[in-house]
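Asks: Would you mind keeping the following structure in view while I ask a few things?
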Amino acid sequence: MSGLLDINFFALSGQLLVGLINGSFYALLSLGLAIIFGLLRIINFAQGALYMVGAFAALLGLKYLSLSYWQALIFVPIMVGIFGMLIQVFLIRPIANQDHLYSLLLTFGLALMLQGIFTHLFGSSGLSYPTPEALKGGTRLPFMYLPNYRAWIIAVSVVVCGLTWWAIEKTKLGAYLRAGTENPQLLQAFGVNVPLIITLTFGFGVALAGLAGVLAAPVYSVSPDMGSNILIVVFAIVVIGGMGSIGGAIITGLAMGVIEGLTKYFYPQASSTVIFVVMVIVLMIKPSGLFGKEA
Amino acid sequence: MTLKKQILTAAIAGTLASAAMATTDGKVKIGVLADMSGTYADICGPGCVVATQMAIDDFGGKVLNKPIELISADSQLKPDIASAIARRWVESEDVDTIGGLVSSAVTGAVTQVTNNSKNIALITGSASNGFTTKACSPYIAHWTYNVVALANGTVKTMVGEGKKKWFFITADYAFGHALETVSSNVIKANGGEVVGSVRAPLGTTDFSSYVLQAQASGADVVALANAGNDTVNALNAATEFGLTESMDIAGLLVFSQNTKAMDGNVAGGMKLTTGFYWDLNDETRAWSKRFKEKHGEIPSMAHAGAYSATMHYLNAVQKAGTDDADVVMKQMKTTKPNDFFAVNAEFRGDGRMVHDMLLVQIKKPAERKDEDDIYKVLKVIPGNEAYNPMLDECNFSR
Amino acid sequence: MINRKLLIALLAIGLLAPLAVYPVFLAKLLCFALFAAAFNLLLGFVGILSFGHAAFLGTGGYVTGWLMLNSGLTPELAIIAGTLAGALLGAVYGKLAVKREGIYFAMVTLALAQLTFFIYLQAPFTGGEDGMQGIPRRALFGLIDLSNNTVMYYLVLAIFCFGFWLINRTIHSPFGQVLKAIRENEPRAISLGYDVEKYKWLAFVISAALAALAGGTKSLVFELASLTDVHWHMSGEVILMTLVGGVGTLFGPLAGAALVVTMQNYLSGGELGNYLHIIMGAVFVICVLSFRSGIVGQLQKFKRNNF
């Protein structure tokens, strides 16, 4: 009898841990989205595609430039961030004064283009990226075998999310940023280059997606549609957390990953719908999201 | 315009428009509908087009004194896209026969079209046994293999070796379901037990939660009732989470390309069933060398099957003197297929091509002479042992 | 309001087209045109963006398909049933969605559509990844055999004309005037005493019903209903068609659907299949940046400015 219970506990903990790992990706990606929407009022539907670009950049960097995983962790987000800044300056800034929905449609189109280009170049089945040597192997926990690389993912996500939250909420730079989005003219009057800050912020939000891409490469195959599959979930998370809330996105991302894991154990068929059910419920009860401020 | 007028107009137009059913125009046009860039692209994608073209070329490029035409398209593994392409091909582009056909969902949708329009479907990539049972038709030629042969090979052998408790990770569509059902029956019939199963969508890349469930089940063997990259990814996840240390993994459908993509140290020792191995004998080696020169990679059983099926079809057209599907099918079923692929073969009344299958074992890297030396052939399984018996109601040769 | 001559010209083309063009392609085009027109009712005339319209297209397709496969119903009854199912779903989803505005409305519709997608993915009756295959067309009213593609096409043409007429009547009715008022200045409409939420909800239901009508018809044309119809890419595609064709114009969705379906026809299935997404994406971007009024919108502007 206790043997049966043991297995159940082990299986449950295993799923929760996997859920936490998935939640780390959700948190990183929704953080980027939340920054871009919360602070810049831009709806970046291309976040998923840029995550995919990050993963491909790591893969191609390894193949053609002998870029190691560790180098990719640093350079790929920067590269993706720069790419994002170019997009913001040339495509998004011109429509900045229009209805938010236009930025949604524009970035949607962008995402389609990026996905199409990579599918054309690389086919739609996944390519594999090797786990870095230093992170191979794992630890045998009582309830499951935890691969080192997966633990690494959780660690990186928590650290990056934490630092970002601190930077935005607690530092002077963050204060400028928040001021710049609430009242750009006033801040500009103080001599702060507001357009530059906006561009840099967009670049940072996108760089987070690129980072998530590099982290994902060894565990999810690198394929052109990896972004579109995860994007809808991430959008739901940002809405649940509250579209203006940075902290909300992080916490909700991790929480949703765990909830998904729980569902996989108790009622697997619902595991893909549970996030959307939660979103609908939250929107009905607290429309601005769990941690959001009314727009 | 009133409805009545519209109906009248429609009736007139209807008589003017061609009621395009299968055209017997004396010219043979083959359409290869395969997965050109997705999960199954290496198994039956551009390679199936190459193999079919090889058959056409070896046949002489002409039949019934007219050149043989070959066109191809990407099903993108979507039934609706494949169905639309197939429909357009047979209704407005004079395609006689559709080949390639991988992914049982796609093949199901396409055969709905070809059965109605009386065109032959040469199924070389798909595995579901439904095409010669529930969904049998006089216009279906199921050539290369099916799930029954796979189960009777791999599963039966392993249960016989004492692996009694099984857990399935199944691709969640027609093929996966069929493979799991048939395999479960074989397991139970041989004294084994299915302790659990889980369904993963086609194209899943991260199998970690499924692997965890398998680990919790206490099975002896985790059977992967999927194919292509799904199998490779599942095996990777199993390795990553240490499952391979305590349980066996049985890849129920593994093609040579997938074997090459797997880590030999982990996959080595795995037994699987296949319809073809390039290094089996002189004949297979000769053909495979030619194929590799054109395609750049050793052939999978689907490629070899595509060549064999096309050849047999063209021979039948020649003998029958027409491209009419009924007549050609009858001719195909009268002659026994005989080439490097179809060994001890018979093309049955239900459209099933029965031939010898091979039980092979994946070689560990240390045992391999070169990167293509992947299998050790353990035994030959005669066709009538491997395949399901013909159902009376599907016997179209009576 | 509608140019009589243009209408007659289009109708004539519609009636004669199957003599020259593959009827199934034409039928597909009209189904998508109806879908886009239904969507445009919300975006163009009420001013709200639904990012989950695929849910209704798919529901129409699955319900109609299931009825044709599992009962002896004649096609027109099955299509009507599919339409009603879409209307019902629209009523429920609409109630939830219209409480929110702008981007939140779009997100709610997206979430609800995803919910629908995953339910259909799991539900055995849809066939999941395999799709609902082999849907029979049978005979319209029990009399007219639909297995001939040209006959089927004329039925689709009739259905499209009906849907188009309904949208036109709705827009030009007092109800439609209120919708336009809501689009132009919602607070003022509220201050005038209109129950704005109820108007939006009604428009949503009509839009959902017509989308389901398109879906049910389409499943008979192709004798197949699949997950592609409920996937969020499909929701994106209908936005594209409307955007390209001209938001808020009557013929815009038709033009947009014609363009997109034709592009798909030529590019998909071949080597160039992936160019399709690249081109579609590029068109989206260009449309938003410059061409926001779409093909028909630009033509109208051109006409107004020059004639």
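Heads up, the Cβ atoms here are built off N, Cα and C, so glycines get one too.
Computed from a predicted structure; not experimentally measured.
Annotated transmembrane segment per TrEMBL: A:20-42, A:49-66, A:72-92, A:104-129, A:149-168, A:189-218, A:230-259, A:266-285, in sequence order.
How buried are the listed features, and what sits near them?
Replies: Outside the transmembrane segment (A:149-168) by six or more residues, the chain places 17-18, 20-21, 24-25, 27-28, 31, 35, 39, 131-132, 135-136, 138-139, 174, 177-178, 208, 211, 215, 218-219, 246-247, 250 with a CB less than 8 A from a CB of the stretch.
Long-range Cβ contacts of the transmembrane segment (A:266-285) within its own chain (Cβ-Cβ under 8 Å, at least 6 residues beyond either end) map to 233, 236-237, 239-240, 256, 259-260.
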Asks: If we skip the immediate neighbours and take only residues 6+ beyond the ends of the transmembrane segment (A:189-218), which ones have a Cβ under 8 Å from one of its Cβ atoms?
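Replies: Counting only partners 6 or more residues beyond its ends, the transmembrane segment (A:189-218) has Cβ contacts under 8 Å with 25, 28-29, 31-33, 35-36, 39-40, 42, 44, 47-48, 50-59, 69, 72-73, 76-85, 87-89, 92-93, 129-132, 149, 153, 156-157, 160, 164, 176-177, 180-181, 226.
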Asks: What residues elsewhere in the chain lie close to the transmembrane segment (A:72-92), defined as a C-beta under 8 angstroms and at least 6 residues from its ends?
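Replies: Tertiary neighbours of the transmembrane segment (A:72-92) are 42, 46, 50, 53-54, 57-58, 61-62, 103, 106-107, 110, 198-200, 202-211, 213-215.
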